[in-house]
Amino acid sequence: MLDKHGRKINYLRVSVTDRCNLRCVYCMPPEGIVKKEHDNIMRYEEIFKVVKSASLLGVNKIRFTGGEPLILKDIDKLIYNTSKINSIKDIAMTTNAILLEDMVEELKKAGLKRVNISLDSLKEDRFKSITRGGDINKVFKSIEKSLSIGMKPIKINTVIMKGINDDEIDDFMNLTKKYPISVRFIELMPIGEGRKLYKDGYISSEEIISKHSDLIPVETEKSSTALLYKFKESKENIGFISPMSCKFCSGCNRVRLTSEGTLKPCLHSEKEVNLKNYVGNNQALLSKINETIYNKPLEHHMIEEKESKSKKMMYQIGG
C-alpha cells in the first residue's frame, strides 16, 4: 500500500525477541537486559497474525531480527508458516551467526532465502571485545556453511567506529573480491548505547568512499537503504548505509514490529502503535496496521538533531 506521501510500503522487519547472546558495545549495556514477562512479548501466533495482516496490505518482504532471532526455539516454524503466505516473496534474517552453523540447513528448508550477518571485526580478540565475549570462529564457520548450501548472497553488516574498527575497512572490502559475500558499512547512530560512542566514534560513509577511488558505483533501487559500489574484481557489492550523512527517507519502504508488539513506522520516530491490543480482532488489526502505515512520517530529523527520537534501544527495535 501507499503511505500518505506516496511511498510504496512493502517491507516489514520483525523483531522476534529483545534478548541476545552477545552484548555489542553500541547496542546493549554491559550488564545485559532484564528479561521481560512472557505476557509482554509477542508470541509466534501473534507475530504471524500481524505478518498475515500486513501481507493483505501489500507487504511482500519480511525480515526477522532481534535481539538475536536464533536463540528462540522453533524460529524455523515461524519462517515456514510465513513462507506459506502466497504474497510473501522474500524472507530474510539478520543474525550474529553464533548459532547459525547448526541451524542454517533447516532454516533454508523452512523458507529462509537470505541472511545478513552482523560482524564488526575480523580479528578474534577485537570481536570478543566489541561483542563482550563472542567467538568469531563460530561466525566464520556459519558463513562457510551458509555458502556451502547455497544461501547467497550473504551480506555482512558492519558498524564502523572510529578508533575501534575503522582500520579494518579494507579487510572487509576485500572479502567481496574473494567470496560471494556483500559487505554493508553502517554509520554509527546516536540511538541507545550508540549515543555514548557517537561523538568520538562516528565516521561518515563519504569519508570512507573518498579514500577508495577505485570503487565503481552500482545502480540501486529507489527503496534501497544502501548506496552500492564494487571493485572491478568484486564478486559482490559493497554498500554504505548512511542514516546520519545521507538519509534515505524519500524511498523508505519499511515499517518495524518490535518484540513487544508495537508497530514503528520509522526507526527514529517516537511514534508507535501497540498491536498486541488488536491481535484478537482481525479487522481491527488490519485497520490499525493500515492506519499506521498510511501515517508514516515523511522523514526523520536525526541529522539535524544529532539524536534519534526513538525511546527504544536497538535490540528492542531490530537493527
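Every residue, even glycine, has its Cβ placed from backbone N, Cα and C.
Among the features that Swiss-Prot reports, GTP binding site is placed at Arg13, Arg63, Thr94, Lys155, Arg254, Val255, Arg256. Applying an 8 A CB threshold to same-chain residues 6+ apart, the list for Arg254 (GTP binding site) reads Ile9, Tyr11, Leu12, Arg13. Secondary structure at Arg254 (GTP binding site), as computed by DSSP, is strand.
The S-adenosyl-L-methionine binding site annotation in Swiss-Prot covers Tyr26, Gly67, Ser118, Met189, and the record cites sequence analysis as its basis.
Among the features that Swiss-Prot reports, [4Fe-4S] cluster 2 binding site is placed at Cys249, Cys252, Cys266, with the record citing sequence analysis.
Sequence annotations record features per position, and here Swiss-Prot assigns domain 'Radical SAM core' to 4-227.
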Distance [Cα-Cα, Å, rounded] between Arg256 (GTP binding site) and Ser118 (S-adenosyl-L-methionine binding site): 18
Cα-Cα, Lys155 (GTP binding site) versus Gly67 (S-adenosyl-L-methionine binding site), nearest Å, comes out at 18
Around the C-beta of Arg256 (GTP binding site), how many further C-beta atoms are within 10 angstroms, looking at every protein chain? 22
Could you check the binding-site residues Met189, Cys249 and say which one's CB has the most other CB atoms within 10 Å? Met189
Spatial neighbour of Val255 (GTP binding site) that is closest, considering only the binding-site residues Tyr26, Gly67, Met189, Cys249, Cys266 and their CA atoms: Cys266
Measuring Cα to Cα, tell me the gap between Met189 (S-adenosyl-L-methionine binding site) and Cys266 ([4Fe-4S] cluster 2 binding site) in whole angstrom. 14
Looking at the binding-site residues Arg13, Cys252, which one has the fewest other Cβ atoms within 10 Å of its own Cβ? Arg13
